[in-house]
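Below: the structure, in structure tokens.
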Amino acid sequence: MEQAEKTNNLENEDVTDGSKSTNKGWTCRLVVASLFGAFGSSYLYGYNLSVVNAPTMYVKEFYNKTWNDRYGQPMEAASLTLMWSVTVSIFAIGGLVGAIMVSPLVKLLGRKGTLLLNNIFAIVASLMLALGEVAGSFEMLILGRFVIGVDAGIALSALPMYLGEISPKQIRGALGQIHSIFICVGVFTGQVMGLPELLGQESRWNYMFGIIMVPALVQLLTLPFLPESPRYLLLEKQDAAGAEKALQAFLNKKDVSKELEEVQEEYRAQHSIHLVSMIELFKTPSVRWQIITASVTMGCYQLCGLNAIWFYTNNILKEAGMDSNQIPYITLSTGGTEILVAVVSGTIIEHVGRRPLLIGGFGAMAVFYGLLTIFLNLQTKAYWLPYLSFGSIMGVITSFCIGPGGIPFILTGELFEQSYRPAAFMIVGIVNWLSNFAVGLLFPFIQEAFGTFCFMVFAVTCLAGAIFLYFVLPETKGKTFAEISQSFSKINRVAVSTKKEKMECVAAKEKVENSDTENGQDNDITEM
């Protein structure tokens, strides 16, 4: 009877703990960590993608005026164009540097510590970009864009890593999509701030860059009150007490033994947690296809041609007969659509899964690119065809945001176990930023060579990505990191131990260690 009462009391405590948290694993701490983490990281990345578009003319005028004041003559048109191109594209170079820095930073400082340090880059960049005009230095703007690129490169790896490690497996995808949602919100905010009624004026454009420090300061003030990644504490720092406290805080319950056991299972699967370098990761046969899959997915994310869509939107709206003064407000609908679809993706990802959303997203993009190519070449034939072109553009954006827009970052965290994860994020980050830079560099030549048929290049890229993922990518929804790694054992052609075999191996190891200890004690007694 007493045993039954104890069991009932324990069950009641579990129910009480569960009632304090939201349904299906959502808790207040998880939501706060994801929101403030994304606001100071993902949001800034999205904002800095779009914030340079509106003040282009004013920044060029500032460059020309500064050059004239220094050298007594205006800057040549070609030199001015080159200077502006460097200002825009150096963001990707900074991102590449940040991606390379991620692995050593997350090892040394942890996931949360890296995010906190990263805010310093954002604040310094904001000051340089905002005060460059006052100082009469266009070099400050260029250097500021590089520094904010470093911030973005670190953020795009450290934040998905942090969110993936703090979230329960049943909501890991939904929590990870907050990263994508805030990128879309950042892009939309940059578009809104660039309107002439707000900061898109000659006397106010530098304030658009000063705003960058606000999310960084908010994150700097809030993140210290949130726990570090439990997996980092337990597996890399061997801080079991700290990991238990972090799990209790994030999950809002006292009994986290089941979750700790899941982490320990990953430790046993890897036999020990030795953080590998990027070179060591490439030499590891058991993760070969995880590296290929994550790299291909991230490459398609950048090479799918969404930047080309922004290039054509204004021209299509003009040919549809819309007022030029109204076009900036109409294009805001594309940013609003991105946010809406990203939110929808976050709500369905744990029901539908990563695999269907990724494959379906890239496949649908290929279809809409084909339709857009047809409509663009026929739009002079009928007055209503430009509207179909704009509809195809909205279809491309919707298809991108439903899956390819956010899932690549989630997958990188899911496909690799603890010892491989930092190096994997470094590799995928390098692929991401090199692809970003390649698109910016090559798109003008592709557009010049193919005209409106340039979208067929992106259609082929999207279709190839969808086919590759169909044959290679397993579903990761609701699986532990160890189970996901086991899913690749066949294609990697490596033997995988069952859970029972791993437990027997660990038990045998402990038995040997205990035997050695007892023998040592017996020898001590004999000597005495």
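For all residues, glycine too, the Cβ spot is worked out from N, Cα and C.
Unlike curated records, TrEMBL annotations are generated automatically.
Here is what TrEMBL records for this protein:
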type: REGION; residues: 1-21; note: region 'Disordered'
type: COMPBIAS; residues: 1-10; note: compositional bias 'Polar residues'
type: TRANSMEM; residues: 26-45; note: transmembrane segment
type: DOMAIN; residues: 34-477; note: domain 'Major facilitator superfamily (MFS) profile'
type: TRANSMEM; residues: 82-103; note: transmembrane segment
type: TRANSMEM; residues: 115-136; note: transmembrane segment
type: TRANSMEM; residues: 142-163; note: transmembrane segment
type: TRANSMEM; residues: 175-195; note: transmembrane segment
type: TRANSMEM; residues: 207-226; note: transmembrane segment
type: TRANSMEM; residues: 291-312; note: transmembrane segment
type: TRANSMEM; residues: 327-349; note: transmembrane segment
type: TRANSMEM; residues: 356-378; note: transmembrane segment
type: TRANSMEM; residues: 384-411; note: transmembrane segment
type: TRANSMEM; residues: 423-443; note: transmembrane segment
type: TRANSMEM; residues: 449-473; note: transmembrane segment
type: REGION; residues: 509-528; note: region 'Disordered'
type: COMPBIAS; residues: 515-528; note: compositional bias 'Acidic residues'
**Q.** Stretch in 82-103, 142-163, 175-195, 291-312, 423-443 most in contact with the transmembrane segment (327-349), if contact is a CB pair under 8 A
**A.** 175-195
Q. Counting only pairs at least 6 apart in sequence, do the transmembrane segment (82-103) and the transmembrane segment (423-443) share 3+ Cβ pairs under 8 Å?
A. yes
Q: Tell me, please, if the transmembrane segment (291-312) and the transmembrane segment (356-378) are in contact, taking contact as 3+ Cβ pairs under 8 Å between residues separated by 6 or more positions?
A: yes
Q: May I ask you to check whether the transmembrane segment (384-411) and the transmembrane segment (207-226) make contact, with contact taken as at least three Cβ pairs under 8 Å and only pairs 6 or more apart in sequence counted?
A: no
**Q.** Residues from the same chain, set at least six apart from the ends of the transmembrane segment (423-443), whose C-beta lies under 8 A from its own
**A.** 88-89, 92-93, 95-96, 98-100, 102-103, 106, 153, 156-158, 160-161, 275-278, 280-281, 287, 290-291, 294-295, 298-299, 301-303, 305, 307-308, 311, 408, 412-413, 415-416, 454
Q | Distant-in-sequence neighbours of the transmembrane segment (449-473), which means Cβ under 8 A and at least six residues beyond its ends | A | 289, 292-293, 296-297, 299-300, 303-305, 308, 354-355, 358-360, 362-363, 365-366, 369-370, 372-373, 376-377, 404, 411, 443, 491
Q: Average the per-residue pLDDT over the domain 'Major facilitator superfamily (MFS) profile' (34-477) and send me the rounded value.
A: 87
